[in-house]
Amino acid sequence: QDRMGESFGSILKNGMGLLLPLVLCSLALCCGARSPPGPPGPPPRLVPRRCNDSDVLAVAGFALQDINRDRKDGYVLSLNRVNDAWEQREQGGPGSLFYLTLDVLETGCHVLSKKAWKDCEVRPLHESVYGQCKVIFYHDRPRRVLYLPAYNCTLRPGSKDKTHIMCPDCPFPISTESSNVMEAVTESLAKYNNESTSKQYSLVKVTRASTQWVVGPAYSVEYLVKESPCIKSQAGSCSFPSSDSEPVGLCTGSLVRTDLILPDRILTYAEKLVTVTCYLFETQAPTPGGENSAVNQEPENLPK
């Protein structure tokens, strides 16, 4: 994991203070703007901003939206608070470059769902994942230009010890490669396919797993699935999609083992209770860029 202790002051000392002119030059080239050459002026001054200012919060929301849109793996991040904010105003223009440190929380929505972070619920305490995103974001409100040239996010799970003290009976995370986890995935996906009236699905990747004691050992799993070209009636006569098929949904499943009580004996943990729910992602049609919009340009990561 990347270190997050670097301040924006040290970033500027390493050359990031030249980023605003570079961003403005790239935007000018994109828009076909031309200006006569002139002597370079002093670099724009970096101004501290209050973290709860409405425009700072708005920029933080736009930045987090673009971060979630750019990420291809993991879960949608939600804004907890703006931890630090600086603004570098464009000389002779209405635009500004914002340097933000955002405290973020992981939600239950996968980034492939393309859901807005405001529409996703933050994970409960026992599943919490939190962290920070260092963001550089250009905002030109009059020209409606939003541009995310750089960001770097670092996440970590909540403390297991603290969670256990506060909630000793809550589930706790386990390895996604556990044999019990794979059994829960296999059983729950089989249940979903059996109950499906047409399409069939196969596993892409297990994304989360946890366990707890209910009436016996219980395992909860989250995993991505891809669509099979087969329909249910063809399940035994067609091939599964290639390994590079795109995930089409996120499933949450559980497996609970209980005692099986027979007339003459009790079989310990012999019975399985399986549940499953799958959220299928909506097909994302390409959206044209907005007026003078640079929001769809490829972001980069901050230098380490």
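Cβ atoms here come from the backbone N, Cα and C positions, even for glycine.
Note that TrEMBL annotation is computational and uncurated.
These features come from TrEMBL:
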SIGNAL    1-33  signal peptide
DOMAIN    40-154  domain 'Cystatin fetuin-B-type'
DOMAIN    165-279  domain 'Cystatin fetuin-B-type'
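Over the domain 'Cystatin fetuin-B-type' (165-279), the average per-residue pLDDT in this prediction is 86. Mapped onto DSSP classes, the domain 'Cystatin fetuin-B-type' (40-154) shows 26 helix, 56 strand, 33 coil.
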